[in-house]
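Per Swiss-Prot, the features are:
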ACT_SITE  His125  active site, proton acceptor
SITE      Asp129  site 'Structural role in the organization of the active site'
SITE      Arg313  site 'Important for mas ACP domain recognition'
Amino acid sequence: MFAGSVIRKLSHSEEVFARYEVFTSMTIQLRGVLDIDALSEAFDALVQAHPVLASHLETSSDGGWNLVADDLLHPGICVVDANNGAQSGCGGIQSETRLDQSVSLLNLRLTPREGGGELVLYIHHSMADGHHGAVLVDELFSRYTDVVTTGDPGPIIPQATPLSMEAVLQQRGVKKHALSGAERFMSVMYAYDLPATGTPAVLAEPGLPQAVPVTRLWLTKQETSDLAAFGREHRLSINAVVAAAILMTEWRLRETPHVPIPYVYPVDLRYVLAPPVAPTESTNLLGAAGYLAEIGQDTDIVDLATDIVATLRADLANGVVQQSGLHFGTAFEGTPPGLPPLVFCTDATAFPTMRTPPDLAIEDIQGRFYCSISVPLDLYSCGVYEGQLIIEHHGHIEEPAKALEAIRSLLCTVPSEYGWIME
């Protein structure tokens, strides 16, 4: 392969994803008629509209990474025969997609089946956070629908390379403060005799990112609707109620009632900054918010959720969250020594209702992480699609389903325990 031209150097905040070769994927189960040629045309149009998706990463002379343009066209969609594993258009990709950031930052894999199929889009995390990635998938289905219904994928206007978080913050005049926001956890560091916990072994092989185990649950549309209405009644978002439920569940399962729980979650800065930032205008435009949960037998979920929201609002008002990403390092080491185990959860982002042709329907969506990291991961992610709340646990802990079922039980019983009944 001929050497490509350097587009730009990865920023400090993006380098962590290159260091651990982090990809995210969205697996979509489809029911109905699939037109492979139309999907291929839509995917090609997506890449043409976002040329950075056809690039790859190379190490730089200073030990960092460069985003490099390819001289060759992106290989396109990979189609796999569900019966025998035979592939076409995969450029040598094996039956289990091999993710290699030195080759490609984007892969699309389709496995057609009778009556539908499975579509998996993989994207390197240095180029897209969850919001950015969801918008790309939405655009892919929109272009596919246009090809099927009109024969044309729609206008192709090449977009500029997305900016790093650092570049966007500099444009908006956001500067690094002395405090990162993590200082609120200092009071509990080495303050408790923490029980020893087993650490599962995680084998990391550079150049071969591995799938992080994931367990998930869905709330029904009615359960999600009841939860949203309950939140509105108490002026709380689903995010806040879910966060409180996760923390209360973790407190019960840990059996260390006297130990506070540090909680960290990302905040999408696109709509926090002024002027707002378009979803694909930046790669990972995230701040970090923190909360120290002090929970007891009498803790009320509404009070806990309300305090989480109040803390976030205060941290946004003083600008701590907006600049928190400027304190990020490029190494991931899990919970710092002496600190009670962190709880991390993404926000319950509402996925767009994606356009599909009349004879095709999306039945399920599942997210996943791939990386080559030796530190066990333990995090929750949430989302809402088609009116249903999805909660996932990503990581290597034992019995993740136990925690998820306890969270579900709490979320589904809270409205009735408060005497709230939908009219």
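Heads up, the Cβ atoms here are built off N, Cα and C, so glycines get one too.
Considering only the recorded positions His125, Arg313, the Cβ with the fewest other Cβ atoms within 10 Å is that of Arg313. In this structure, the C-alpha atom of His125 (active site, proton acceptor) lies 28 angstrom from that of Arg313 (site 'Important for mas ACP domain recognition'). For Asp129 (site 'Structural role in the organization of the active site'), the same-chain residues 6+ apart in sequence whose C-beta sits under 8 angstroms from its C-beta are Pro266, Asp268, Thr283, Asn284, Leu285, Leu286.
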